[in-house]
Amino acid sequence: MKTLLLTLVVVTIICLDLGYTEMCNMCVRPYPFMSSCCPEGQDRCYKSYWVNENGKQEAYHGKYPVILERGCVTACTGPGSGSIYNLYTCCPTNRCGSSSTSG
């Protein structure tokens, strides 16, 4: 019985990954957000926005940027990477960007 209990504890610790796995909000417009573990090696979260021809974030009726997608990346190439109409920005925190006001 003790062996079974010890085995269950070890398996639980391994499966939970002790909290070191990055979680990113995954979303393709319009909603809902789904938090998902990033694959191994992809340890940064990103958000993708629509941008106008001047490279500024395109706002919806002047209220908030239109977020197209969220996910995990291996490395960030810096703020403003992506094409002229699709801006990628990396988030500084785990599960970032769960609302239009958070980073």
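Quick reminder: no glycine exception, Cβ is built from N, Cα and C everywhere.
Listed in Swiss-Prot:
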{"type": "DISULFID", "residues": "CYS24-CYS45", "note": "disulfide bond"}
{"type": "DISULFID", "residues": "CYS27-CYS37", "note": "disulfide bond"}
{"type": "DISULFID", "residues": "CYS38-CYS72", "note": "disulfide bond"}
{"type": "DISULFID", "residues": "CYS76-CYS90", "note": "disulfide bond"}
{"type": "DISULFID", "residues": "CYS91-CYS96", "note": "disulfide bond"}
{"type": "SIGNAL", "residues": "1-21", "note": "signal peptide"}
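Distribution of Swiss-Prot features across the structure.
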| residue | record | Cβ within 10 Å |
| --- | --- | --- |
| CYS37 | disulfide bond | 12 |
| CYS38 | disulfide bond | 19 |
| CYS45 | disulfide bond | 26 |
| CYS72 | disulfide bond | 18 |
| CYS76 | disulfide bond | 14 |
| CYS90 | disulfide bond | 17 |
| CYS91 | disulfide bond | 18 |
Between CYS37 (disulfide bond) and CYS72 (disulfide bond), what is the CA-CA distance rounded to a whole number of Å?
-> 9
For CYS91 (disulfide bond) and CYS45 (disulfide bond), what Cα-Cα distance in Å is obtained after rounding to a whole number?
-> 5
